[in-house]
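J.: Dropping a structure here in structure tokens format, bear with me for questions.
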Amino acid sequence: MMLIRVLANLLILQLSYAQKSSELVIGGDECNINEHRFLVALYDFWSGDFLCGGTLINQEYVLTAAHCKTRNMYIYLGMHNKSVQFDDEQRRYPKKKYFFRCRNNFTRWDKDIMLIRLNRPVRNSAHIAPLSLPSSPPTVGSVCRVMGWGTITSPNETLPDVPRCANINLFNYTVCHGVFPWLPARSRILCAGVLQGGIDTCKRDSGGPLICNGQFQGIVSWGPKPCAQPRKPALYTKVFDHLDWIQSIIAGNTTVTCPP
């Protein structure tokens, strides 16, 4: 009887810690200065407000979330600290934005993806290098890396100068469907997070990468509010299922056939 009571008290302490963590920590620790050379920052042209993250996939293209779209934007590459500029930082503008319009076997939740062609190529440097597209699909159970300049508190926003990085877990889609039952029964979207809470992507992390086993597998799409709640993972657009579309556009075919 005493053992049961002790275990119950430990469980209560564990849950209360997870709930406090979800209020205090979002997005993990500051990223290492050398681990995010592909991470870009999208800004509103007129207000100068930071909007979203994105991923450089070659010298001319950036991949981000479709809901990050705005009529006029500019893109910073090679940035680490918003308040301290590197000599090799580069600024580009969208030449063309591409959106995934296919409907076959894709729900509206699966299509939060935008491919941006830059107005001129980017030069690789000490703080700038592209991240390759995935060569294989992600595996449930993988530990994945997320990063971004998104808010580190929720629901109120506190935006950091330096991007935060964190490790989260990739779950079966059924986990997210159980949390958000209004989602379609089947979806291509990825479900990832930390079930204990306390670590999560949040507002303005949108568009940034989900990197699993060294491969660019997801794009930050959306999640619960407030962020980092226990047992409430977030959702990520699955890059692998859009490979044909991405590669066809890069090759110059803008009237691509929808993938199966």
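All positions are counted from 1 along the displayed chain.
Cβ coordinates come from backbone N, Cα and C, glycine included.
Sequence annotations record features per position, and here Swiss-Prot assigns signal peptide to 1-18 based on sequence analysis. Sequence annotations record features per position, and here Swiss-Prot assigns domain 'Peptidase S1' to 25-251 based on sequence analysis. The annotation disulfide bond is assigned in Swiss-Prot to Cys31-Cys165, Cys52-Cys68, Cys102-Cys258, Cys144-Cys212, Cys176-Cys191, Cys202-Cys227 on the grounds of sequence analysis. If you look up Swiss-Prot, you'll see His67, Asp112, Ser206 marked as active site, charge relay system. For Asn81, Asn105, Asn156, Asn172, Asn253, the entry in Swiss-Prot reads N-linked glycosylation site, with the evidence type sequence analysis.
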J.: Provide the number of Cβ atoms within 10 Å of the Cβ of Ser206 (active site, charge relay system), excluding the reference atom itself.
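T.: Excluding its own Cβ, Ser206 (active site, charge relay system) sees 25 Cβ atoms within 10 Å.
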J.: Among all chains shown, work out which of the disulfide-bonded residues Cys165, Cys191 has the most CB atoms within 10 A of its CB.
T.: Cys191
J.: So among His67, Asp112, Ser206, all listed as active-site residues, which is physically nearest to Cys31 (disulfide bond)? Use the C-alpha atoms.
T.: Ser206
J.: Checking your reading of the structure: which of the recorded positions Cys102, Cys176, Cys191, Ser206, Asn253, Cys258 lie inside a 10 Å Cα sphere centred on Cys52 (disulfide bond)?
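T.: Candidates kept after distance check: Ser206.
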J.: Fewest other C-beta atoms within 10 angstroms of its own C-beta: which of the disulfide-bonded residues Cys52, Cys102, Cys212, Cys227 fits that?
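T.: Result for the disulfide-bonded residues Cys52, Cys102, Cys212, Cys227: minimum number of other Cβ atoms within 10 Å at Cys102.
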J.: Could you check the disulfide-bonded residues Cys31, Cys68, Cys144, Cys202, Cys258 and say which one's CB has the most other CB atoms within 10 Å?
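T.: Within the set of disulfide-bonded residues, the most crowded position is Cys202.
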J.: Taking just the CA atoms, what is the gap between Cys165 (disulfide bond) and His67 (active site, charge relay system) in Å?
T.: 22
J.: In terms of DSSP three-state secondary structure, what is the assignment for Cys176 (disulfide bond)?
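T.: Cys176 (disulfide bond) sits in a helix per DSSP.
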J.: Can you tell me how many other Cβ atoms are located within 10 Å of the Cβ belonging to His67 (active site, charge relay system)?
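T.: The answer is 13 other Cβ atoms.
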J.: Nearest to Asn105 (N-linked glycosylation site) by Cα distance: which of the active-site residues His67, Asp112, Ser206 is it?
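T.: Result: the closest of the active-site residues to Asn105 (N-linked glycosylation site) is Asp112.
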J.: Are any of Asp112, Asn172, Cys191 (the recorded positions) within 10 Å of Cys68 (disulfide bond) when you go C-alpha to C-alpha, and if so which?
T.: Asp112
J.: Roughly how many Å lie between the Cα atoms of Asp112 (active site, charge relay system) and Cys102 (disulfide bond), rounded to a whole value?
T.: 12
